[in-house]
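Take a look at the structure below.
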Amino acid sequence: MALIIDGRKVAAAIREEVKSEVDRLKERGIVPRLAVILVGEDPASVLYSRSIEKACTRAGVEYELFALPAGIPEDDVVALLSRLNEDGSVHGIMVELPLPKQMNRQKVLEAVSPVKDVDGVHPVNRGYIMSNSEGLFPTTPMSCIEIMLRNGIEIKGKHAVLVGRGESVGKPLVYMMLNQNATVTVCHTFTNDLAYHTRQADILVVAVGKAGMITGDMVKPGAVVVDAGINEAKDGGICGDVDFDSVARVAGAISPVPGGVGSLTTTLILKNTLKAIRLQGGKV
């Protein structure tokens, strides 16, 4: 049976680190502050904003939610972001996705200052990933890296196969894995014989949004399997892209859903907020 990679345990450790850093900043008169912009009432976004607020409260980070109506003009959202960019008391800004269909997603996201972009969605920060420079990076691919490194799983020199090339996880994770000195193969919709490629992986990361698509016969014995997918299960709960039971019998280590990658995302938003303070000229 595979080692179960416990994302909740990793998240708890990072929360303690964040809390300690927040306390040190407050001793110097710096109170970390995160602004979250929620346009409309998407249920998942509302729930996520509440989980971020809870994480902020526990860590001692100030939290401000800007809940805007779905019909608000795009220019008004951009104007709000401009004000927050100029507000020195705001260290991190996050725009909840998805935005209403009538809005230009890219225009809104590019209106966030790169040094306050705690969700790592600005093109400048995406460029920093590619160039292996210091920036603010998206939290789900960060979670994939963190849960491996903090469980003593070596990435350097390993063959990593990524299934999925989405903007939020797959594409940034390609460069994050390269920056960890892995050899990376990317599989996607048009990849022929997916199972052939997945069976070559020392590390297999899956993020496609298709429940149970990776089964035990598609995994190399002893491989590390990181499931970054999230789907609605038949019983009404959530499940990942990996068929957990069959893969756990073959893999050397596996992250579950829930309890794996997703456990870290809100905590890493706070970690990015502290990093943003440093990028803005403060010291953490």
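Glycine too: its Cβ is placed from the backbone N, Cα and C atoms.
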Which of T139, T189, T198 belongs with G164, R165, G166, I230 in the NADP(+) site listed by Swiss-Prot: T189
Number of other Cβ atoms within 10 Å of the Cβ of R165 (NADP(+) binding site) across all protein chains: 17
